[in-house]
Amino acid sequence: MKKIQIIDRSHDQRFMTLALEQARLGGERGEVPVGAVLVQEGEVIGRGFNCPIGSHDPSAHAEMVAIRDAARQLENYRLPGSTLYVTLEPCSMCAGLIVHSRIARVVYGTTEPKAGVAVSQGDFFSQGFLNHRVLVEGGVLAEACSELLREFFRQRRERPG
């Protein structure tokens, strides 16, 4: 018999709000405002925001930073049973890390039409060659996540010089 997982949407919104807070921190530092939190058993175990510019690290996407934070804290590179909340649909690099770290579920805010691989540029997480399955859900606080990005890029375009 297949086990049915009950998902509490109020928890999803609460944790996505925390991811949005992380995104704002990144935006305040001049980074593209994407944020992430990693949750296990109802507790935040990792958090991060986009910081490739400030860290001089092209892999420093919000998901990467949050997963690395959790792995260090738990002293384990495997994070089974955890849920990653991220304000923007993951790219291929982050999707690979999500699978390798054995994250159970990804909840994203808004789609990334150019580079998102959960739905926008294909469904990476359902590929048959993967040895781990990830449940993916999108659209949680999508408008707030989209608006944060729109406002960041609007201000950037209007900046003199």
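In case you wondered, yes, glycine gets a Cβ from its N, Cα and C as well.
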### Query
Per TrEMBL, which one of HIS61, HIS100 shares the Zn(2+) site with CYS91, CYS94?
HIS61
### Task
Give the sequence-ordered set of same-chain residues, not counting HIS61, CYS91, CYS94, with Cβ within 8 Å of the centre of the Cβ atoms defining the Zn(2+) site.
ALA62, GLU63, MET64, PRO90, SER92, MET93, ALA95, LEU97, ALA115
### Message
Restricting to the chain of CYS91 (Zn(2+) binding site) and a gap of 6 or more, list residues whose Cβ falls under 8 Å of its Cβ, or answer none.
### Response
HIS61, GLU112, ALA115, GLY116, VAL117
### Summary
Going by C-beta under 8 A and a gap of 6 or more residues, the same-chain neighbours of GLU63 (active site, proton donor) are ALA36, GLY48, LEU84, VAL86, PRO90, CYS94, LEU97, ILE98
